[in-house]
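Residues or ranges marked as active site, charge relay system in TrEMBL: Asp162, His230, Ser567. Among the features that TrEMBL reports, domain 'Inhibitor I9' is placed at 40-124. The annotation domain 'Peptidase S8/S53' is assigned in TrEMBL to 153-608. Taken from TrEMBL, the feature domain 'PA' covers 410-482. Annotation comment: TrEMBL describes 675-771 as domain 'Subtilisin-like protease fibronectin type-III'. The annotation signal peptide is assigned in TrEMBL to 1-32.
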Amino acid sequence: MFIAKAMEASNLIPSILLFFFLFSLLQTSTIATIASKKPYIVYLESQLGYADSKHCSIQQAQVFHYNLLGSLLGSQEAAKESILYSYTRSFNGFAAILNEKEAADLARSPQVISVLENRGRKLHTTNSWRFLGVEDDDEGIPSNSIWNAAQFGRDMIIANIDTGVWPESKSFSDKGYGPVPSKWQGTCPDDPGFRCNRKLIGGRYFYKGYKFAGGVLNATFDSIRDHNGHGTHTLSTAAGNFVPGANIFGHGKGTAKGGAPKARVAAYKACWPLIPKGECFDADVLAAFEAAINDGVDVISASLGGGDQEFFRDPVAIAAFHAAQQGIIVVFSAGNDGPQPETVGNVAPWEITVAASTTGRNFVSNVVLGNNKILKGSSLSSVSALPQFYPLIDSVDAKFSNVNEFQAKFCGKGTLNPKKVQGKILICTAGKITGVEKGYNAAEAGAVGMILATNIDNLDEIKPDLYFLPASGITYSDGELLDDYINSTSTPVAQIMNVRTEVELNPSPVVAAFSSRGPNPFEKAILKPDITAPGFTILASYPTTIAPTRSGFDQRRTPFNVFSGTSMACPHISAIAALLKSIHPEWSPAAIKSALMTTAKTSDNDNDNLLLNATPFALGAGHVRPNDAMDPGLVYDITADEYLNFLCARGYTAIQLRRFSKQPFVCEKSFKAIDLNYPSISIPNLNVNAPVTINRRVKNVGYPGTYVARVEVPEGVAASVEPSTLQFSSVGEEKAFRVVVQNTGELKHEGYVFGKLIWSDGKHSVGSPISMNLRSD
């Protein structure tokens with residue numbers, strides 16, 4: 001019986017194997033089909049399925065989207081399953097999951113303007129506002145402070161597109177706030193664990209583009225809550241309420257506050273845990289933009305990457321254009337890929353692109369060598385300094401025998417021999433992994449301290465890190481002095497001193513080494529970045545459930561954290577833009593940008609020219625001066641039609657223009673990209689004896705007066721302004737002028753040189769940087 005049943009069972013084996021084989025083929029086919037699909041962003045003709053109060057409701061617009069896509073996929077139900085977002089207000093279109101053939105077929109529809117892939121992007125205080133002159137050293141407020149005129153940004157609404165927000169932070173307390181402004185049309189998440197108030201008035205989160213790009217969301221992450229810290233930090237930098245006693249492990253003590261501390265804030269979470277393709281995906285960022293526009297915000301702050309493709313292919317640049325059309329100021333970070341040239345991102349002319357600088361504050365932890373030489377270091381270590389001298393050892397000398405020297409110098413995990421490291425100060429080189437990880441590896445190997453020498457690319461700039469052990473970062477040049485000392489003695493020793501906060505450091509501001517540089521990679525007639533703001537060692541709010549280093553091995557927690565990056569500079573400008581809009585509600589986003597740029601300073605706190613060590617490709621127009629921007633005298637304003645003519649001059653087709661304009665636009669054929677009424681001037685090619693004429697106009701926003709032009713250009717360049725005098729009799733009056741620039745050939749030089757145009761009435765100085773690419777042909 002048993003043998004018979006066994007034989008019977010054995011006869012079933014081929015059938016079972018065949019079943020599993022066919023099933024696996026089916027599963028593989030299904031997975032392959034799913035894997036071949038990905039999100040696309042579909043732009044439609046504006047008058048088709050576009051929601052507005054007169055013709056079409058949001059629901060009707062969505063049905064139109066379902067019907068359009070359903071005609072391709074076979075049913076409206078299939079379309080509903082495919083569509084991630086319907087964009088129905090500020091721009092017309094949808095994001096949908098499609099395969100390449102479906103996307104190509106849809107692109108051929110006469111109702112479709114374009115089909116774009118869902119690309120990924122990456123995310124790019126107590127001292128800043130004193131440094132910018134908004135408050136005094138004792139945290140008092142000067143009589144000329146922009147805070148007084150703007151009432152601290154009262155009832156302005158700043159939207160932050162980022163990683164969400166930690167609502168319990170004291171920076172978002174609504175103590176002292178009145179009712180939410182009636183212009184706010186947004187909502188608060190329907191989440192019992194998340195509460196809005198009269199300060200943090202709303203927020204939303206968008207994840208579908210991220211999910212279909214391979215991102216995985218667990219129940220913890222599936223909310224507007226910030227589980228990264230970036231969004232909380234940037235939003236509190238822009239508009240955090242006053243919080244006395246803020247510090248990071250006892251360092252940088254003071255009252256934390258945002259630049260517009262009485263503004264209302266709304267968080268739009270469109271950035272998620274990093275995956276290989278990015279962390280902020282276009283479909284989600286686009287949905288966040290549309291929500292913010294419809295919710296009635298005044299400023300959109302977006303500290304995220306972008307701008308590495310033509311404007312008509314960039315959904316976020318298109319969204320920013322529509323926001324600007326609605327009178328919303330859009331501010332982006334420039335990127336952290338400096339100091340290499342042509343790395344600046346977010347370069348559309350309707351966006352404000354922000355570079356990062358130092359603030360004259362640093363967290364100093366000096367290193368004393370055995371020969372009494374003192375190396376100036378930087379640290380935010382959470383432990384006390386070393387009380388005495390300890391032996392020094394270079395990580396290359398502390399490695400295991402099977403580890404090569406290149407691996408060892410970066411102090412990677414598993415490279416350090418504890419028998420060699422125990423009881424010593426370890427010397428590591430910056431790069432490959434974070435300084436905090438190096439310090440952790442050093443401590444695990446038994447080191448009592450660490451000295452981190454930066455690499456040559458950082459221009460002797462040291463970012464303090466939140467080390468676990470006594471540690472200090474030193475410059476590349478000091479690292480060479482350290483090497484010389486070690487090689488000069490058989491018993492090198494050092495002592496790492498306590499961290500102390502120093503302010504009023506000279507020179508400052510200085511453009512940060514990491515801050516991305518120009519020239520503009522897509523349109524050389526537009527100078528980018530636009531403006532520089534503090535972005536180095538910025539102290540701001542942080543979620544108390546996340547390690548300050550975001551490392552799994554870090555058990556420390558803190559309500560404030562210090563970050564550096566253009567991500568930190570961006571919200572400074574967002575805040576100041578909100579203050580200016582509060583004071584001058586009639587000004588357009590372009591006028592506000594002009595006021596920021598033309599009043600910016602190009603000298604440091606020693607009155608030395610910032611341009612000696614940094615060009616406008618690093619600084620833009622200069623370092624922001626909030627109090628001066630209130631009264632710029634003249635502004636360079638730009639209309640929506642001028643932006644469209646600029647795109648025409650770039651050779652955009654009628655179909656490509658429809659991504660920006662709801663109605664067909666007739667191009668002004670004589671318009672040149674260089675003539676866009678921008679507050680800076682960039683000449684892509686200045687050939688010998690081939691003069692270039694740049695047309696501009698300025699609007700008077702001050703008292704009646706007479707302005708006289710002055711042009712500063714280097715040797716080998718001649719420039720004139722016609723007319724050189726402009727007389728204004730009333731506010732709002734506009735006057736046109738032209739600048740004629742010529743390469744005389746005397747310099748025998750090819751490449752970029754820089755100058756400046758200044759209009760002055762004796763009180764105001766309206767400055768515009770000029771970049772010129774000299775050519776010999």
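Using N, Cα and C of the backbone, Cβ positions are placed for all residues, glycine too.
Just so it is clear, the model here is predicted, and its values are computed rather than measured.
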Counting across all protein chains present, how many other Cβ atoms fall within 10 Å of the Cβ of His230 (active site, charge relay system)?
25
For Asp162 (active site, charge relay system): intrachain residues, at least 6 apart, with Cβ closer than 8 Å:
Leu123, Asp226, His230, Gly231, Thr234, Leu235, Ala267, Tyr268, Lys269, Ala270, Cys271, Ala302, Ser303, Leu304
With DSSP helix as H/G/I and strand as E/B, how many residues of the domain 'Subtilisin-like protease fibronectin type-III' (675-771) fall in helix, strand and coil?
1 helix, 62 strand, 34 coil
Where Asp162 (active site, charge relay system) falls in three-state DSSP terms:
strand
Can you give me the same-chain residues 6 or more apart in sequence from Ser567 (active site, charge relay system) with a CB-CB distance under 8 Å?
Leu123, His124, His230, Thr234, Ser303, Leu304, Ser333, Asn336, Gly535
DSSP-wise, what's the residue breakdown of the domain 'Inhibitor I9' (40-124) into helix, strand and coil?
31 helix, 27 strand, 27 coil
Secondary structure content, the domain 'PA' (410-482) (per DSSP, counts of residues):
24 helix, 17 strand, 32 coil
Need the DSSP three-state call for His230 (active site, charge relay system) to compare against my parser.
helix
